[in-house]
Amino acid sequence: MKLSIIIIATSLVIAVVAFPSKDSKAIENDKTEQRMEIVVQETARACSKQIGDKCKRNCECCGKTVVCGTIYVGGKEVNQCMDKTSDNAILNGLGKGMNFMENTFSFCV
């Protein structure tokens, strides 16, 4: 009986020490006290760009196998709608299949 009382008392002391009150001053960089504002931006849900147009997301590009891909022009990264992945017909066919799967999981309306 005394052992169970000691265990309960110890548990209560640990709980009081572990959970500080809300009145205590928050420490700078304390993640539990920081608040974050989340801004939801409207994103494109339907296609509006053709192959070769600049894009930001797959949803902007029209076509089942067209994705927003990255190319490098003069050392700078440029995103544009594209469907060709290779000069080899077999690899290009596989690439279009992968583009189709990528568009399937983009959840564009």
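The backbone N, Cα and C atoms fix where each Cβ goes, and this holds for glycine too.
Here is what Swiss-Prot says about this protein:
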DISULFID  C47-C62  disulfide bond
DISULFID  C55-C68  disulfide bond
DISULFID  C59-C108  disulfide bond
DISULFID  C61-C81  disulfide bond
SIGNAL    1-18  signal peptide
For C61 (disulfide bond), the number of other Cβ atoms found within 10 Å of its own Cβ: 28
Assigned conformation of C59 (disulfide bond) - DSSP reduced to three states: helix
By Cα-Cα distance, the member of disulfide-bonded residues C47, C68, C81 nearest C59 (disulfide bond): C47
Cα-Cα distance linking C47 (disulfide bond) and C68 (disulfide bond), given in Å to the nearest integer: 11
Entries of C47, C55, C62, C81 which, being disulfide-bonded residues, have CA atoms within 10 angstroms of C108 (disulfide bond): C47
Pairwise CA distance, C47 (disulfide bond) versus C61 (disulfide bond), rounded so that it is a whole Å: 5
For the disulfide-bonded residues C59, C62, the one whose C-beta sees the most other C-beta atoms within 10 angstroms: C59
Rounded distance in angstrom between the Cα atoms of C55 (disulfide bond) and C81 (disulfide bond): 6
Cβ atoms near C55 (disulfide bond) (within 10 Å, other residues, all chains): 23
Cα-to-Cα gap, C81 (disulfide bond) vs C62 (disulfide bond), nearest whole Å: 8
Neighbour count (Cβ, 10 Å) for C108 (disulfide bond): 16
